[in-house]
Amino acid sequence: MNLALEILEKRGFLKQCTNLEALSTLMDKERVVFYVGVDATSTSLHIGHLIPFMVMAHLQRQGHIPIALVGGGTTKIGDPSGKDAMRKILSKEDIEKNVKAIRAQLLRIIDFSHGYILDNSAWLDNINYIEFLRDIGVCFSVNRMLGFETYKRRIKDGLSFIEFNYQLLQSYDFYMLNKIKNCKLQIGGDDQWGNIVSGVDLIKKKLGTEVFGLTLPLITRSDGKKMGKSEKGAVYLDAELYSVYDFYQYFRNVPDLDVKNFLYLFTFLGDDEIEHMSSVKGYLLNKAKETLAFEITKIVHGEDAALKASSAARAAFKGSEGDRADIPFFKLALDSLEGSILLIDLMVLSKVVSSKSEARRLINSGGVYIDKVRIGDQDYCLNKDNFINGEIELKIGKKRILRVIL
């Protein structure tokens, strides 16, 4: 097998390929142009998006040429893959804003001085519908499309015609990239298999060229929690939506059983180093978790931000010298105290919990601390005297910490 593909297989990235043997032969012969697509449904990518772009980085390191395709055009329709209901249709202005934001994030992760970031609105926005149906639509079998899992799942509950067109447009993207950039490989999540195979078939029918599709496994956590979700919601790559500190802590606190797998998926560390680092158990595995958190934070936010997050975590949880300024904080208005404020109300106000009932449950279970002192009273109140030097430290369980500042 080609070295680049061996690396992907070793690190757990390979799920399905349209023709792995032929792709391996091609990659031995030439620098292959490949692409990963992402729709502009949000102002930020989340960590679920990182997997295909980590693959992109690995392939680029082996000399192959990446294209990141931001779906300024396809976002106007919405991909039904993996969805139980139709996506919300975004305004043109929102899509343009999202495309710009996602482009900026990708530039931090991938070196596009030897690659491309493109927007499929460049060719989709001006399509003539009749010509598209005659030229492209004729190549698709409705019966075959309905056989793909994406449409099987949705057809029972209702699939709009606009969503049904999505597969044609994604296939057309691959067709256009093959024509203008000689792109021969599309990479995506395994839920994209039907769309990717359809693009491979379209190019074969229209151009007589063999191209390839490769899908990646859905990443799950050993504790059953959905990858990319936390108590605070989606783990975004935008520091304004999900702080660098919280991003670091998310990976620092992954279950022990996931450490080795995540080191392979989310870092560029060598095999020997990963195997050695993850061979220990118990508290000794904390070093590997810290390395995982630092490496992925460095990739997404840069080395300076990763160092600050690491320093803040040590200051918060180990009592070591570190920069507490990088620990998340909540600014409490003085007039909110009005003499005093219930701890339960402060927890809801600062959004460390979503409800008063959750706050009561945590206090009753002994999981709430003020300045390292456990609080067991649901009616506990704070006043200005609690805020030594203008702040307190609110800790929830072992892993969540917040500075509350006046």
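The backbone N, Cα and C atoms fix where each Cβ goes, and this holds for glycine too.
Listed features, source Swiss-Prot:
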BINDING   TYR35, TYR166, GLN170  L-tyrosine binding site
BINDING   LYS229  ATP binding site
DOMAIN    341-405  domain 'S4 RNA-binding'
MOTIF     40-49  motif ''HIGH' region'
MOTIF     226-230  motif ''KMSKS' region'
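Long-range Cβ contacts of the motif ''HIGH' region' (40-49) within its own chain (Cβ-Cβ under 8 Å, at least 6 residues beyond either end) map to 70-72, 75, 78, 87, 90, 95, 97-99, 101-102, 105-106, 219, 227-228, 234-238, 241, 250. When the binding-site residues TYR35, TYR166 are scored by other C-beta atoms within 10 Å, TYR35 scores highest. Around GLN170 (L-tyrosine binding site), taking its Cβ as the centre, 28 other Cβ atoms fall within 10 Å, counting all chains. As a whole number, the greatest separation of Cα atoms within the L-tyrosine-binding residue list TYR35, TYR166, GLN170 is 18 Å. Applying DSSP to the domain 'S4 RNA-binding' (341-405) sorts its residues as follows: 22 helix, 21 strand, 22 coil.
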